[in-house]
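Student: Residues or ranges marked as domain 'G-protein coupled receptors family 1 profile' in TrEMBL: 8-257. Residues or ranges marked as signal peptide in TrEMBL: 1-18. The annotation transmembrane segment is assigned in TrEMBL to 58-77, 97-121, 164-184, 204-227, 239-259.
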Amino acid sequence: MNLVTVLGNLLIILAVSSDSHLHTPMYFFLSNLSFADICFTSTTVPKMIVDIHTHRRVISYVGCLTQMSVFSIFGNIDNMLLTIMAYDRFVAICHPLHYSTIMNPHLCVFLIWVSFVVSFLDSQLHNLIVLQSTHFKHMEISNFFCEPSQLLNITCSKSFNSNIVMYFIGAIFGLFPILAILFSYYKIVSSILRVPSSGGKYKAFSTCGSHLSVVCLFYGTAIAVYLGSAFSSSPRKDVVASVMYTVVTPMLNPFIYSLRNRDIKSALWRLQSRTV
């Protein structure tokens with residue numbers, strides 16, 4: 001699964017970068033999403049594979065903090081890129097005549113940098129909270145990696161403080177992006193329904209289908225494990241949900257975007273023809 005994730009996302013990056021037809025904001029964000037997915041899984045899966053083969057499920061204090069930081073950075077970049085891609089589809093469908101002006105290259109690069117900076121600040125917030133704990137070095141984590149929400153539960157001395165932190169971070173990186181995505185698609189659906197031809201409606205919906213599929217997979221499992229831990233502690237369910245959004249979803253992204261997207265399939269075919 002890890003090999004499929006890395007190779008599939010690398011293939012999308014290669015297809016987008018090598019085909020001039022895909023040098024558009026939509027595929028620029030998609031290639032960055034693929035890069036973030038590669039880094040996202042690489043922070044957890046290799047260590048898990050080593051633990052399985054060595055039967056030694058131990059991680060150092062520094063290693064745990066590093067894993068949590070990198071995981072938070074690229075997980076939040078994934079989160080924000082999905083929101084940016086929803087906004088990109090909103091502009092493309094609702095304001096097609098102004099699309100090239102609004103989604104200019106400078107804005108696209110700026111949005112990527114903002115995503116990274118905000119994600120980095122969030123990871124440092126997690127680190128500051130965890131570093132305040134004095135009994136963290138000899139704790140047992142009921143997961144296959146240093147999951148941020150579980151570390152907050154362990155390090156916060158009171159459950160109330162833990163819940164406040166999780167709700168605050170969950171609102172910024174969960175509630176607000178979801179509301180932005182829902183608002184974008186509300187506008188998109190309203191605009192599509194005004195299109196007179198059924199062919200035009202199908203074409204507009206087809207450009208959003210891949211993105212919606214990834215959004216449902218990513219947010220459904222991530223919110224379940226992150227906010228669900230504030231209500232009940234079920235280690236088994238948390239691990240299953242963690243596997244879904246850290247391993248399964250990044251692996252499915254290349255298939256969803258390649259199989260449901262004619263442009264990507266054409267670019268991969270042209271790439272294969274040039275290689276042969």
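Heads up, residue numbers simply count up from 1 along the chain you see.
Quick reminder: no glycine exception, Cβ is built from N, Cα and C everywhere.
Predicted automatically and left uncurated, TrEMBL annotations should be read as such.
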Student: What is the pLDDT of the domain 'G-protein coupled receptors family 1 profile' (8-257) when averaged and given as a whole number?
Tutor: 80
Student: Which sequence-distant residues neighbour the transmembrane segment (58-77)? Criterion: at least 6 residues beyond either end, Cβ under 8 Å.
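Tutor: Same-chain contacts beyond the ends: 32, 36, 39-40, 43-44, 47, 115-116, 118-120, 122-124, 126-127, 130-131, 136-137, 145-148, 151, 173, 222, 246.
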